Structure formats: structure tokens, C-alpha cells
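First up is the structure itself, then whatever we jot down about it.
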């Protein structure tokens, strides 16, 4: 037998939603939909839900299981599962009202707009960008999972950004889609990738819709935001996305030309957080690796790619190619830099063997005898590491290897902190709201420190904790923690 809880609610009848518990026979590979049907049959429960195709093609059966959106016809039910409706107005139980979304689609003119008459011919190469976005089955998993929608009414959400982009990239369409996207909150997206993670059709809305629509907005003069223009100016003039305060990390360390391992610092480690870079050198030295910090490296270009300002990216890629070529491995300590070097650079013809520091160390961590670090810590998954690079287990393996360390998970692993996608600079109120939610999760854990592997997340979480009166909680890069465990002091 397994136990399944279902959130029941009928507006106008029930005062508030409530969970009801059901025990049902366990069957191999039982789907959530099968479980709901069995509950109704066994208990005469009359739970309301939608389903149609049972093949993952219609999208009607989307629900939440243990807080994550799934298709009931495809997801296997878990013992102890809590089944809830997606985050739309409830008609009854798991059945939600989609009319508000459908009305908005009509109001926004989300249909092919063209004055042309007769048959319009379209070349296959001109159809590729829009073709990627035509697989949506309207399950609205993305809307239910998007962290920004919950914090801002300005943002229409990933479903609508995909819809706008589908026509924006269609050469037959004549509407001003990029400007329309900006009006609907195009620059509110943190590019956290949660929508892509839950999409049953694996549509990459941040990469294939939002970032490309932002690039179109920049070309057509509808974007970017003023704060993003300032960052572009800074990168164009200095090669870095942040101001130079004091002596930079790269100019502080000597070159090690014999090494086959290169360290790509990123802007913040070089100009603002040199201690993280120093910790990396010490930690890798303990493992017997001497690392070179190549001169001539500049901003990876991520802030420009995420905000659609592509005209200077090719130059940044070329400068970094010259700086990084010849190494067997490039190590990063910034999630955004790592994701950009791995995923975006190949589109510019640059292939590098890039590893996040946690990937490099995870299989070597048992080689070092560490001293106890008596702290209680949690770990923040940077979006561009967890979803952008698929790195989840490696940081946890490292944390669990440190003697004396008590590691506890956050309530919602992988919850965006709000610092990415140009939101921290362009829409600071959204970043602050998401940061507050992250801080509240951390408050519940009573930890000494939050560990992460992204300087942008690190600084933003630190700011968020201080604003919520939690300034005594440290925010550390995982290298700083390892440096403590390796140190003889």
C-alpha cells in the first residue's frame, strides 16, 4: 500500500483548501493519473481533475506532486505524494481555470499577423527559430513554476514569452513583437531555467525565446534597459562588467606558463572577490595542481548575451579564445561564466574543456585528509550551475566529505535567488523580492553559513540576508570552506 494526499477545494463550498489522505494498493510504474482514478473508484472521492490523451501530448493533466509540476499521465506516483493543482485559479480540486490565460492570448494578438495575400513561401533556414517553439502543449507547467510570476505582475511569464517569440521569429509575421515583449516584462526573466526544467516538451524558453527576443529588441531599439547599457559601456571600455576597485586578482598573482590547467576568473573574482581566487590556488595546490591564471582574459560575455546586446560578444569571445587556448582544462568558479563558456562559446566556434571547480574536485576530494570544520551549513544551487550545466551532486559530495560539517538542504532546492538574467541591475525590485524569499528559507534552517559557487549569487544572498536581519549568517564560496578544511592554522 502507498499513501497519497490530495489537496481538495471547491470554491463557494469549502472555506479553504485542505488535504485528504488516501491509502491505495501499490502497482509497479503506477502513474499519478492512475492513482487519482483508483482513489475515486475505491473511496468514491469524486476528485475533480482533467485528462485526455494519456500520452503526454495534450497537457490537460498537469498537476503538482510534492511541489513540482508534472503531467499526471507520465509521472510515477510516489509513496507519501502530495498532489495539488497548478498555480492557477481553482475550479474544483485539481481542475483549474485557464480562461484568464486564453483571454490574454487573444488580447495580445498572439496569432500570425500579416497583410500578405495568397500562399507565402518560407525557407527552411528561416523557419528554424520559430520551429523550436511550436511544441508547446499548453500544460502551463512553466507558468506554475516560474519564480518571477509569483513576485511581479509586470511579467507575463514564460508561456507568453514563448508565444510572442514564436511569431517574432516567423518571417511572415508583421507585428512589432519585440516591443510587445518588452511591454509584457521581457526583461523581468532571471533566465533561471526552471521553466525549461519542468517543460514536458523540453522547450528552452530562456535560451530559444527570451534571450533571442531580447536580442531582437536591442536591434530594433526597444531594448535593453538603461542599466544594461551602462554595463555594456563598462565592458567595452574595461573588459569587465564591474568597476575596478583596488588591485585585481589577476595582476596580483604571477603567471605559471607550464601548467595545463587555466583558471578563468570571471569579473567579480578578479575585481571584487580575490579571496575566492586565492582559495582556489591553495586548494588545488593541496591536490598537487599548479594552476595558471592567464593574462588577457576578459568578461565572458554572459551579461551581454542574457540581455541581448550581442554586438560586442564576438570580440569578447575572440579575446578569451586567445587567452585560454592551449590549456587542457579551464576551471571556473562562477556559474554564469561556466555556462557561457560551455554552452554559448561553441556557437561562436570556440570549444574549450571547461569544468566547474566542483566537477574538478568531486572525484579527488577523498585524496585529501581534512581537519574538522564544525559548522552547520546549507547550499544554494546557482541556476546557471544546476540547470545551466547540470551540476548538482558534485557540490553535495564535497560538502558531505568535510569532517565536522553539518549539511542541511533548503526547503526548495534550486530556488532562484534573483540575481541573474540582468534582473539584479535592470529590475532590482524583483531581485530583492526573490532574495527575500531565499533569505526566509535560510532563516528556517538556523545555519552558520550558506555555501554556493557563484559570485553573483553570493553577493546577492549576502545583501538579502542583511536586509532581513540575518547578517550574522556567512555566505561563502565552496572553495573558502575547503580552504578552512585544508588549512593547518
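Cβ coordinates come from backbone N, Cα and C, glycine included.
As recorded in Swiss-Prot, the features of this protein are as follows:
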- 53, 58, 61, 73: [2Fe-2S] cluster binding site (BINDING)
- 136, 139, 142, 146: [4Fe-4S] cluster 1 binding site (BINDING)
- 189, 192, 195, 199: [4Fe-4S] cluster 2 binding site (BINDING)
- 2-89: domain '2Fe-2S ferredoxin-type' (DOMAIN)
- 124-158: domain '4Fe-4S ferredoxin-type 1' (DOMAIN)
- 178-209: domain '4Fe-4S ferredoxin-type 2' (DOMAIN)
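Projection of Swiss-Prot feature records onto the structure.
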residue	record	DSSP (3 states)
53	[2Fe-2S] cluster binding site	coil
58	[2Fe-2S] cluster binding site	coil
73	[2Fe-2S] cluster binding site	coil
139	[4Fe-4S] cluster 1 binding site	coil
146	[4Fe-4S] cluster 1 binding site	coil
192	[4Fe-4S] cluster 2 binding site	coil
199	[4Fe-4S] cluster 2 binding site	coil
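When the binding-site residues 53, 61, 73, 139, 189 are scored by other C-beta atoms within 10 Å, 189 scores highest. For residue 142 ([4Fe-4S] cluster 1 binding site), the nearest of the binding-site residues by C-alpha distance turns out to be 195; the candidates were 53, 61, 73, 189, 195.
Listed in sequence order, the residues 142, 145, 146, 158, 191, 193, 194, 196, 197, 205, 206, 210 complete the 8 Å Cβ shell around the [4Fe-4S] cluster 2 site centroid, once 189, 192, 195, 199 themselves are left out. Close to residue 136 ([4Fe-4S] cluster 1 binding site) in the fold, though at least 6 residues off in sequence, lie 59, 159, 162, 163, 201, 203, each with a CB less than 8 Å from its CB. Put simply, residue 195 ([4Fe-4S] cluster 2 binding site) is 18 Å from residue 58 ([2Fe-2S] cluster binding site) when counted between their Cα atoms. Each residue contributes its Cα atom, and for residue 73 ([2Fe-2S] cluster binding site) and residue 189 ([4Fe-4S] cluster 2 binding site) these two points are 30 Å apart. Within 10 Å of the Cβ of residue 146 ([4Fe-4S] cluster 1 binding site) there are 26 other Cβ atoms, across all protein chains. Nearest neighbour of residue 146 ([4Fe-4S] cluster 1 binding site) by Cα distance, taken over the binding-site residues 61, 192, 195, 199: 195. Once Cβ contacts within 10 Å are tallied over all protein chains shown, the binding-site residues 58, 192, 199 are led by 192. Looking only at the binding-site residues 53, 61, 139, the one with its C-alpha closest to residue 195 ([4Fe-4S] cluster 2 binding site) is 139.
Taking Cα separation as the measure, residue 189 ([4Fe-4S] cluster 2 binding site) is nearest to 139 of the binding-site residues 53, 61, 139. A Cβ within 8 Å of the Cβ centre of 136, 139, 142, 146, the residues given for [4Fe-4S] cluster 1, is found for these other residues of the same chain: 138, 140, 141, 143, 144, 145, 157, 158, 159, 162, 195, 198, 199, 203, 205.
For residue 195 ([4Fe-4S] cluster 2 binding site), the number of other Cβ atoms no farther than 10 Å from its own Cβ, over all displayed protein chains, is 31. Within 10 Å of residue 61 ([2Fe-2S] cluster binding site), counting C-alpha to C-alpha distances, fall the following of the binding-site residues 139, 192, 199: 139.
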